[in-house]
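Since the structure comes first, as structure tokens, the remarks are kept for the end.
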Protein chains: 2
Amino acid sequence: MSRGHNFSAGPAALPETVLRQAQAELLEWGGSAASVMEVSHRGKEFMAMAAQAEADLRELLAIPANYKVLFLQGGATQQFAQIPMNLARPDQRVDYVVTGDWGEKAVREAGSLAQVHVAANSAGNRHTAIPPRAEWDLDPASAYVHYTPNETIRGVEFFDIPDVGDVPLIADMSSTILSRPIDVSRFGLIYAGAQKNIGPSGIVVVIVREDLLQRCPKSLPKIFSFAEHAAQDSLLNTPNTFGWYLAGLIFKWLKAEGGLAAMELRNRRKAETLYACIDESGFYANPVEKSARSWMNVPFTLPRPELDELFLQESKAAGLLALKGHKLVGGMRASIYNAVTQQSVDALVEFMRDFARRRG
Amino acid sequence: MSRGHNFSAGPAALPETVLRQAQAELLEWGGSAASVMEVSHRGKEFMAMAAQAEADLRELLAIPANYKVLFLQGGATQQFAQIPMNLARPDQRVDYVVTGDWGEKAVREAGSLAQVHVAANSAGNRHTAIPPRAEWDLDPASAYVHYTPNETIRGVEFFDIPDVGDVPLIADMSSTILSRPIDVSRFGLIYAGAQKNIGPSGIVVVIVREDLLQRCPKSLPKIFSFAEHAAQDSLLNTPNTFGWYLAGLIFKWLKAEGGLAAMELRNRRKAETLYACIDESGFYANPVEKSARSWMNVPFTLPRPELDELFLQESKAAGLLALKGHKLVGGMRASIYNAVTQQSVDALVEFMRDFARRRG
């Protein structure tokens, strides 16, 4: 047995050096004489680690001082509800730009909590392109504009931050955060489930502009209130301590690897390698408009669906893991997050070329 | 360095054999060629593990077939809100029996979600005894009765399940679940944050009688609905996969150790050892009425507060960890959950006797 090339969409590949460190100190963490899983979240060892993780994330993303960073539970899906609960009144309009299945889910979960308006939706072209900004039906009085910079299932990504004026822009960055530098100051709130580029599942990072915390209703149960979590440095209740710890190791790894500028170069090259293989093959196909092709999630189809099972069997035998596409779209998908190396992408491309030669 | 005797209230000690197994397979889990943290929660390896964990928990607690078992996020604190959201209408009375600080928090979080009525409260005696059942002011029309079988901070525990008639009984068992056999059929819903007797933090187990799921409002965001989570086997969104895995290892360990009957014998003996030391010392004191003394959390005070810091320093030097009492009550607290061995309790008692001799 040895570790495969892991293209899972999430929970996804983690850097092997991070896993090795976690393994080495799993029974005795730092000077605590216990596992990091066995110490109080209110003890000074854990709190120092947690604060360092936040500081490293702030440095990586150049998060301005007027933003709070929260480490919460419930994943991005819970944020679909928590965001309108905190930032909109039930009678207030909120605008959603939908470019895929996660955007659709965000709309559904918010449905009973605010007056949800779909300002644009790429469903008409099966989410293969991004609706032009000029066609978005936004209202300057809306509580916020929500969008999904990268759609994990169909592999559609924004490469510019849309200008929505003074209305706070909210982004579900679950599958793109930390893949390259971004200008956080353009956003009212950014959130991201950890299980792609941050760490293991069970933790979600929320980056929120401080002035928006004034909107959080006092009547909310504290556990749902961004303002309460911010006031207590995400220690309102027991957090996912192991997830926070592992995220902290990932942030240190990212810094050691050269930060997000280095990630951008790597991720661009990995994506270019894979899309070039698809486009040049005359065998594989990706339906997304080139300007909106995701760097993180690359879905592709084979020319005949009966080849799918064979492709999956042979790729797995070659140590290429988790290439099956999402059930909503079928085909294949390679997720190539930060922890997936160029070497893994090269191995995939080599296999794909060989498979096409043999089955084309 | 070596592992200490860990008396943390939670996140708490885990069995060393479980940690060693997790460590050994941290980079390659089963036949997956990846860490358990790196595989899809919808893949067959993970789903088989998750189903086995549930089956083992069902066997350990003898959970009847008409109960659903959910593995969720957000801890017991989120359940303080989710329970009224799911099981009561906003205009409906819900009864709370308060025997400590966690019960108080449950009342506060439910406050805006239903008509909360405190049916009994031991605050008058500083939560050192359980109000007699005959004095509880219950309403047969209430949506449920909520109580906290074990209060972690002040160490007050119920040793009988209260009879509340046909009203569903709801129990926050975070710090007592799996410490001994219980009759699940007496409850409408049991919930427990994992970080004491189940596993690492970041996961909460909910055991709910199926008929109660009909109460879950269709208007709830799915992520908050017990009915939706039950219908999707807790895979409505990405769960805390590592936490679920580790809980599964704990359940296997419990079975191998003889199940909950064996735990009951061990836990009774550990508690008796520690309370006997306190009572016989003429130095340490525990204020809780003997019939309500917790088997899991043993708070105690020293005769002079100026000894506290010395006790903490010396005990830590002796490898006895996390004995500082909760800030609300001060003094000391030893949490002696399933993973804390008799040997650790014996080491603590030996230290306490020696300290009393030297400082008495």
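Note: Cβ is positioned from N, Cα and C throughout, glycine not excepted.
All TrEMBL annotations are machine predictions without curation.
What TrEMBL says about this protein:
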type: DOMAIN; residues: A:6-348; note: domain 'Aminotransferase class V'
type: BINDING; residues: A:Arg42; note: L-glutamate binding site
type: BINDING; residues: A:Ala76, A:Thr77, A:Trp102, A:Thr152, A:Asp172, A:Gln195, A:Asn237, A:Thr238; note: pyridoxal 5'-phosphate binding site
type: MOD_RES; residues: A:Lys196; note: N6-(pyridoxal phosphate)lysine
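A coil conformation is recorded for A:Thr152 (pyridoxal 5'-phosphate binding site) in the three-state DSSP classification, outside any helix or strand. Chain B has a C-beta under 8 angstroms from the C-beta of A:Thr77, A:Gln195, A:Asn237, A:Thr238, taken from the binding-site residues A:Thr77, A:Trp102, A:Thr152, A:Gln195, A:Asn237, A:Thr238. Fewest other C-beta atoms within 10 Å: among the recorded positions A:Arg42, A:Lys196, that description fits A:Arg42. Every protein chain shown contributes to the tally, and the Cβ of A:Thr238 (pyridoxal 5'-phosphate binding site) ends up with 24 other Cβ atoms within 10 Å.
Spatially, by CA atoms, the recorded positions A:Trp102, A:Thr152, A:Gln195, A:Lys196, A:Thr238 include one closest to A:Arg42 (L-glutamate binding site), and that is A:Thr238. The secondary structure of A:Thr77 (pyridoxal 5'-phosphate binding site), as reduced to three states from DSSP, is helical.
A:Asn237 (pyridoxal 5'-phosphate binding site): 21 other CB atoms within 10 A of its CB, across all protein chains. Largest Cα-Cα distance over the residues recorded as binding pyridoxal 5'-phosphate, namely A:Ala76, A:Thr77, A:Trp102, A:Thr152, A:Asp172, A:Gln195, A:Asn237, A:Thr238, equals 30 Å. Around the Cβ of A:Thr77 (pyridoxal 5'-phosphate binding site), 23 further Cβ atoms fall within 10 Å across all displayed protein chains.
Listed in sequence order, A:Ala9, A:Gly10, A:Gly100, A:Trp102, A:Ser174, A:Ser175, A:Lys196, A:Met296, A:Asn297, A:His326, A:Ser335 are the same-chain residues at least 6 apart in sequence whose CB falls under 8 Å from the CB of A:Thr152 (pyridoxal 5'-phosphate binding site). Taking Cβ-Cβ distances under 8 Å and a sequence gap of 6 or more within the same chain, the neighbours of A:Gln195 (pyridoxal 5'-phosphate binding site) are A:Gly10, A:Pro11, A:Ala12, A:Gly75, A:Ser201, A:Gly202. Mapped onto three states, the DSSP output places A:Thr238 (pyridoxal 5'-phosphate binding site) in coil. Other Cβ atoms within 10 Å of the Cβ of A:Trp102 (pyridoxal 5'-phosphate binding site) number 22 in total over all chains. Reduced to three states, the DSSP call for A:Asp172 (pyridoxal 5'-phosphate binding site) is strand.
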